[in-house]
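A.B. asks: What Swiss-Prot records for 87, 89, 90, 110, 122, 123, 173, 180, 259 is ATP binding site, and it gives sequence analysis as the kind of evidence. According to Swiss-Prot, the active site, proton acceptor annotation covers 249. If you look up Swiss-Prot, you'll see 250, 259 marked as Mg(2+) binding site.
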């Protein structure tokens, strides 16, 4: 089979502490459901001459590609604030694929069976959550947000027992890497400085070679990740994305969004929005995502202390100074992001007040977060009656005055707004409808959503139904992690 796989498995060459060698557990009757041909092309992979039967074997793990070397990665994590040793309990990294341009991508099977890290789990995944990760990760990519992507989904032909009996599935995830803050926590917990140094050098070599010659690699790695994760959470806030399970094992060192378990997009603007059924106290609510980002980065910094300086007090001082810049950096980036969403060029001292007035009005009137910005661009939306409001008109007058500052024009502002305000997001009720149909063998709506979400900033009025929130508020909408 000439597909174009070219594996160079650098992580497999790390010491045994970092991973366990394990093959995917074969499944009975794999059936390919989705193959992401656009992503395959980006990876320089050609599946055009491969029949569905062989595709099913490849993406179920029943037939591993030549050159692959499958492993389960070890990591730890703070899960809702509580530290625990974890690891890939239902996934295997089959290898690192190199494209013709020497770009390196992890290829991982999720739902591929038990591993030494499975504990009491069955190592399997359910069809609905795997399709959900596929569609939302692809949507995030086209929203211009760093993310893992999905290459394929295969039904296993086997039942999986959760709250009910469901169809089993395996997702093929593609990522710049699967190193997590939790990877560093795992190695740090072993208190082996040599392994920690190996991990830092490996991380810099793979992701951040520009700091390879740094005099303080550990400190510079901390600074790089602070910057990466600050920008990532800004992007989430921009589109109303709520990750739902921001445990340290779900914070990627590459700066990608990873692990789409109970995530969802906010419809009605409410900063306290939580969708995850297990987040009863709202730890990972929309408004808390920046704070949790810093909390996770602090856990990362703790791992690096021994290599920031041999003097522990000095190391803590340097790490704290780096972390203390987070709030101001986030505030500056958030303000600039919101200026872009409102088409505001330049800076005015009243900008934050103007932004907060709008957000407070949206919260009070239960206005849709995405559609409010679409409405301000003079685009057609359904259910625009909420904007027929005296307070909104008063705010809009102030906004229009601010738009023309610095010699700006309304048309120029709309161009700026159009580049960062999506016309369409993965609406929760539409995702659920598509998944319900897909579970019954009908992928029509799923494929339609994928097609539209590939161009989120350019949507026709004919797609108004897919742009609109649920007929009733999604206050009671809940998501589940699928494990």
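The backbone N, Cα and C atoms fix where each Cβ goes, and this holds for glycine too.
As the structure is a computational prediction, the values presented were derived from the model and not from experiment.
Walk me through the surroundings of each of these features.
C.D. replies: The Cβ of residue 87 (ATP binding site) lies under 8 Å from the Cβ of 20, 72, 73, 74, 75, 115, 116, 117, 186, each on the same chain and at least six residues away in sequence.
Under the DSSP three-state reduction, residue 249 (active site, proton acceptor) is assigned to helix. In sequence order, 75, 76, 77, 78, 79, 86, 180, 181, 182 are the residues near residue 249 (active site, proton acceptor), counting only same-chain partners six or more apart with C-beta under 8 A.
Residue 259 (ATP binding site) has a Cβ environment of 23 other Cβ atoms inside 10 Å.
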A.B. asks: Which one is it: of the binding-site residues 90, 173, which Cβ has the fewest other Cβ atoms within 10 Å in this structure?
C.D. replies: 90
A.B. asks: Of the residues named as ATP binders, 87, 89, 90, 110, 122, 123, 173, 180, 259, how far apart in Å are the Cα atoms of the most distant pair?
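C.D. replies: Greatest Cα separation within the listed binding residues comes to 23 Å.
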A.B. asks: Among the binding-site residues listed here, 122, 250, whose Cβ has the fewest other Cβ atoms inside 10 Å?
C.D. replies: 122
A.B. asks: Between residue 259 (ATP binding site) and residue 250 (Mg(2+) binding site), how many Å separate their Cα atoms?
C.D. replies: 6
A.B. asks: Can you tell me how far the Cα of residue 122 (ATP binding site) sits from the Cα of residue 250 (Mg(2+) binding site), in Å?
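C.D. replies: Just about 20 Å between their Cα atoms.
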A.B. asks: Whole-number answer please: how many Å between the C-alpha atoms of residue 90 (ATP binding site) and residue 250 (Mg(2+) binding site)?
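C.D. replies: One finds 15 Å between the Cα atoms of these residues.
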